[in-house]
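Novice: Heads up, here are the entries from Swiss-Prot:
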- His138: active site (ACT_SITE)
- Lys159: active site (ACT_SITE)
- Asp177: active site, proton acceptor (ACT_SITE)
- Arg243: active site (ACT_SITE)
- Gly153, Glu154, Ser155, Gly156, Ile157, Gly158, Lys159, Ser160: ATP binding site (BINDING)
- Ser160, Glu202: Mg(2+) binding site (BINDING)
- 264-269: region 'Important for the catalytic mechanism of dephosphorylation' (REGION)
Amino acid sequence: MDKIPVETLIKDLNLEVIVEAKNNKIDITTSDVNRPGLQFSGFYEHFAYERVQIIGKVETTFIEQLPDDVLAERADRFFNYPIPCLIVTRDLNIRQEIIDAAQKHDRYLLRTKEASTKFINRLINYLDEKLAPQITIHGDLVDVYGIGVLLLGESGIGKSETALELIKRGHRLVADDAVEISKISEDKLQGSSPEIIRHFIEIRGIGILDIKTLYGVGSVRNSMNIDLVIQLEEWDEDKYYDRLGLEDDYIKFLDVKVPKLTIPVRPGRNLAIIVEVAAMNHRQKQMGYNAAHELNKKLLKQIGN
């Protein structure tokens, strides 16, 4: 999503509407915020008006000391800029001059009971998630031992069946068939399911299953960071498959690299157990231990002797 209507922000963060913008609504396009203390003192160089504006206790204390005519002039100048909204924290009093200026320029004036720091943190996290670059891919996403495992492969390769077996073994489904991937930071991806198919899984020969109803709320989750990608493919006798794990492979989504494993599929292989072990091995690597490297060191040491 590249922009958020202020109405959505009001609903999701439970904000009180003091003045509603009716004909001059401006969407939010950045997760950055601005505290306009300098603007109410008359300084407008480098004013980031495109951001959500937030006034807390410090700014309110300064504003309370301004004469009525001075505040009216400064509020009029402030709301003349195309700001998405002004939010007052701590349920603080809002002077009439600010309300009048917001009404005159048809800008949103909002209020929250939360303290400034707590609210700003919540707001930035919310905006980062909503405004994150996003793509949708075909696959399954499962929480395996706290590792977000994205299963990829051709249709019919067994992604959904593997996910179902993992759920039966106590792991949690995030998404089946369609995975929405969001870039939540420079090096992190988060996956989720489209709302309409959330918690559902399709198994050929059976149909649609409601995992939340069948296995309980502990078998699903709404979103998960993507830590590991497992590509399932038909076993190819002529293709070389890594048997040691000394070399790392990666795949890119939204310019973020994610570790990738390619698992060949053939009758008799228990894919769910392989995925479990892959997730545990990935966690072990995150903790600084690589079994393949340790074995390689031992072999080199033995050869050296």
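In case you wondered, yes, glycine gets a Cβ from its N, Cα and C as well.
Keep in mind that what you see is a predicted model, and the values were worked out from it rather than measured.
Could you place the listed features in the three-dimensional structure?
Specialist: When secondary structure is read from DSSP and collapsed to three states, His138 (active site) falls in the strand class.
Taking all protein chains in view, 24 other C-beta atoms sit within 10 angstroms of the C-beta of Lys159 (active site).
Residues near Asp177 (active site, proton acceptor) in space but far in sequence (CB under 8 A, at least 6 apart, same chain), listed by position: His138, Gly139, Asp140, Ser160, Ile197, Ile201, Glu202.
Just so you know, the Cβ of Gly158 (ATP binding site) picks up 19 other Cβ atoms within 10 Å once every protein chain is counted.
DSSP assigns Glu202 (Mg(2+) binding site) to a strand segment in the three-state reduction.
Looking only at the region 'Important for the catalytic mechanism of dephosphorylation' (264-269), the predicted model's pLDDT averages out at 80.
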Novice: So, by DSSP, how many helix, strand and coil residues make up the region 'Important for the catalytic mechanism of dephosphorylation' (264-269)?
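Specialist: Its residues fall into 0 helix, 2 strand, 4 coil.
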Novice: Using Cβ-Cβ distances, find the residues under 8 Å from Ile157 (ATP binding site) that belong to the same chain and are at least 6 apart in sequence, listing them in sequence order.
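Specialist: Set apart from Ile157 (ATP binding site) by at least 6 residues yet with Cβ under 8 Å, we have Leu232, Glu233, Glu234, Val265.
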